[in-house]
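Listed features, source Swiss-Prot:
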ACT_SITE  Cys86  active site, nucleophile
ACT_SITE  His181  active site
ACT_SITE  Glu183  active site
BINDING   Ser235, Gly236, Gly237, Val238, Asp239, Ser240, Ser241  ATP binding site
DOMAIN    9-207  domain 'Glutamine amidotransferase type-1'
DOMAIN    208-400  domain 'GMPS ATP-PPase'
Amino acid sequence: MTENIHKHRILILDFGSQYTQLVARRVRELGVYCELWAWDVTEAQIREFNPSGIILSGGPESTTEQDSPRAPDYVFQAGVPVLGVCYGMQTMAMQLGGKVQGSTQREFGYAQVEVLTDSLLVRDIQDDIGTGGAPLLDVWMSHGDKVTAIPADFVTVASTETCHFAIMANEEKRFYGVQFHPEVTHTRQGQRMLERFVLDICRCTPLWTPAKIIEDAVARIREQVGNDRVILGLSGGVDSSVTAMLLHRAIGERLTCVFVDNGLLRLNEASQVMEMFGDHYGLNIIAVPAEDRFLSALAGIDDPETKRKTIGRVFVEVFDEQALSLSDVKWLAQGTIYPDVIESAASATGKAHVIKSHHNVGGLPKEMKMGLVEPLKELFKDEVRKIGLELGLPYDMLYRHPFPGPGLGVRVLGEVKKEYCDLLRRADAIFIEELYKADLYNKVSQAFTVFLPVRSVGVMGDGRKYDWVVSLRAVETIDFMTAHWAHLPYDFLGRVSNRIINEIDGISRVVYDISGKPPATIEWE
């Protein structure tokens, strides 16, 4: 019998902050399971979840507006600790009898908080000591409204020069509010505060560890599928690879993986996937060579969205044919991860995250009555990688830069042709190889090469050449929502350019993309 790793759990109510998923990841990093729900949950749902504590997230709304989101009243009646963050603190204050008002002075960015009153939330946690001997905390603020009167039975724990109620607390009920964001790294002691709340105040035991998550997932897979067979579309990406390894550990040869070589992969990627998972790990894999089929379907198409849809449609067709040929398979496995679940959750209020369609497999034929196995659906990407390491997958594979689902189909601008893909594959391989050799690969968040469907004059020896152009792209980012172009050394860029032009017949010019996001996107299409 496996240990119940969900026994201690934190409920995070989402009021729309861009940082809400970060709160959940920080709680998970403490070894405690948590779930992220829209703010408009019912009392019955909270009771059923049975949280050890509740966190109210930040959000863009103003609590001074009549129709702005509110926490369910039951949150404050459940008898568990509650932590309100930014907007979460404001709605807590207002709902419990305090006052909030709009401020003419927004507080955004770094602030120093002075601790005035002892509180378990921040006891012995400080960045510095003020002139009067009071502990000081370096925090990250992002708010317009602020609490102007705290509820009865609360005390002011900390203040800034412009925000008198920076931390408030009702120690008896274990209710706490912080006007800043402890989940961001700019709040230097933020993780210690979250640790204090989750482990000490909520009394959670850290059970959410990679080894225990694997043990739990294996047990659940075995219970779900019994002695049945399972099919999985294996791409070689992080999510499908970790899903494959979990399923293989749980059911062994009763897993069949389908690897579709669409001709839009990186250099030698198809052979590497087959060698790693087939030869090395001993998984049962069907390799489907489908380059001609994909390229034929893409012929004459230059619109990026149409290309994406075409690639998705053909993949579904190819995968379905393989699935139908395996008559005894009763389960379909997918590498759905927790952010997919969050983003796909429609909320009647419209406050939930943007709805996103899954691109894992798409719609299977109606005649196929298959159950769905999603062993990663509770996990964030960083957790999936840690589990992959625990399962024995190589670090370089798990922490490789992101690669788009449509592959080179959206890195060849305009119409996709085999000639263009072959040139791009080789150019990209040189760029990545040089990044590794210069110890730069792990210092940038994403790097790749783009094929431009324009010809440029070049000189090779005594001759003139008129060949294609590629663009190098490297960015630095924390969350991929915004990004800066990477300031790679000139001599490095020169070396990459020389190698590409000299070693690849068909490319005459190399450029470097120095666009940030915004206004540009990271991928060109």
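Here, residue 1 is simply the first one shown, and the rest follow in order.
Using N, Cα and C of the backbone, Cβ positions are placed for all residues, glycine too.
Small disclaimer: the values here were computed from a predicted structure and weren't measured.
On the structure: features taken from Swiss-Prot.
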residue	record	Cβ within 10 Å
Cys86	active site, nucleophile	27
His181	active site	23
Glu183	active site	27
Ser235	ATP binding site	24
Gly236	ATP binding site	20
Gly237	ATP binding site	16
Val238	ATP binding site	22
Asp239	ATP binding site	20
Ser240	ATP binding site	23
Ser241	ATP binding site	24
Practice prompt. Write out, in the order they occur in the sequence, the residues of the chain not among Ser235, Gly236, Gly237, Val238, Asp239, Ser240, Ser241 that have a C-beta within 8 Å of the mean position of the C-beta atoms of the recorded ATP site.
Written response: Leu234, Val242, Thr243, Ala244, Gly335
Discussion item. Quick check: of the active-site residues listed here (Cys86, His181, Glu183), which one has the Cα closest to that of Asp239 (ATP binding site)?
Written reply: Glu183
Fill in: Nearest-integer angstrom distance between the alpha carbons (Cα) of Cys86 (active site, nucleophile) and Glu183 (active site)
11
Worksheet item: Say you check the Cα of His181 (active site) against those of the binding-site residues Ser235, Gly236, Val238; which is nearest?
Response: Val238
Fill in: Rounded inter-Cα distance in Å - Gly237 (ATP binding site), Glu183 (active site)
28
